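Got a structure here, written out as structure tokens. Questions coming.
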Amino acid sequence: MFRGKFETTIDVKGRTSLPAKFRDVLFETFGDERFFITNSNPVRLGEGVYSSGLVVYPYKEWLALEEKLMVGTGLGLSSAELAAVKRRIVAPAIECVADKLGRVLVPPHLRKSAVLEREILFVGMLNKAEIWSQAEWEKVCRQDEQNFPIDSPVLAELGL
């Protein structure tokens, strides 16, 4: 599973390095070096203010997601909402394989939507990973502090 937070950089051409631990997870846990990068769901930071990163989906996880979106039933989304999800998540997605040095190219349309400039983070989220600009990550973490389910029985049951 993807765990941890890794600070790195992205150059002006969109080249960055997938953390070695994440490359290992792709192959050892998910059995494939291929992955997809796409937009994440927007995170609401306030009235009319949203932040967004990118998501790295292992190949098999992405195919399973596509299948669910293709069928569309049982998701609890209207046809307009489902179309919006497909436009935001599926349309911009790119299939990737890191080179022998772990480098990957993030295309301009994804860099722009996630406001990726120089300092970026790869964040493990168990079955997927996220890519954030340092500034956007800090905003989302502040929001997470407000949204954290303090005294949640569910968290207590999990041992957290």
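Just so it is clear, glycine is given a Cβ too, placed from its N, Cα and C backbone atoms.
Pulled from Swiss-Prot, these are the listed features:
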- 5-50: domain 'SpoVT-AbrB 1' (DOMAIN)
- 93-136: domain 'SpoVT-AbrB 2' (DOMAIN)
Counting each residue once, how many in the domain 'SpoVT-AbrB 2' (93-136) are helix, strand and coil under DSSP?
9 helix, 19 strand, 16 coil
For the domain 'SpoVT-AbrB 1' (5-50), DSSP counts of helix, strand and coil?
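Going through the domain 'SpoVT-AbrB 1' (5-50) residue by residue, I get 9 helix, 20 strand, 17 coil.
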